[in-house]
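Everything on this sheet refers to the single structure shown next.
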Amino acid sequence: MSDEALALLFSAVENGDQNCIDLLCNLALRNDNLGHRVEKFLFDLFSGKRSGSPDIDKKINQACLVLHQIANNDITKDNTEWKKLHAPSRLLYMAGSATTDLSKKIGIAHKIMGDQFAQTDQEQVGVENLWCSARMLSSDELAAATLGLVQESPLLSVNYPIGLIHPTTKENILRTQLLEKMAQSGLSENEVFLINTGDHWLICLFYKLA
């Protein structure tokens, strides 16, 4: 598909054209550059990162839900062309946001979250709040969001997010990590720690004075 044709489709979808939304959702199933590009475009519209018609999020997630239902019928459930609706993906997340069937929502949430590790009970993303805009970010999400910081700031050492106190041993994890870094490198770099206190994420920076 040419860039010109894709741009026309994108514009029609932004304006809420249901036929074009259905077409792009089908294109987003592709596991190639075009599929990933279309999937990201749809998700940006759905999440509000990109502006569109007032009800664009509902139109997109309903279209994704229809595809999810097709992907899980007896004929297509083992078809690799529907892979994105059987594994963590933007399409699967959007389909999950549309369904009102609790059992289906639970199944989709488990596919998205898998065995994601949580630093605290408060951080754990449960089935009931996976699609809640006010939920606490998980450590994996926060780590992914800080990758750009690492790439853009080579003088910073950004550590994987931690809980302040270990839930079982009650060990102060920050103190332990600092002692390990002091033993290894003498804290020669500026260190950034993302710390979960139970109710909040805090950013802690250790740096040397000139």
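Cβ atoms here come from the backbone N, Cα and C positions, even for glycine.
Database features (TrEMBL):
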DOMAIN    4-105  domain 'ElaD/SseL-like N-terminal'
DOMAIN    128-209  domain 'SseL-like C-terminal'
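Counting residues per DSSP class in helix, strand and coil order gives 71 helix, 0 strand, 31 coil for the domain 'ElaD/SseL-like N-terminal' (4-105).
Each residue in the domain 'SseL-like C-terminal' (128-209) has a pLDDT score, and their mean in this model is 78.
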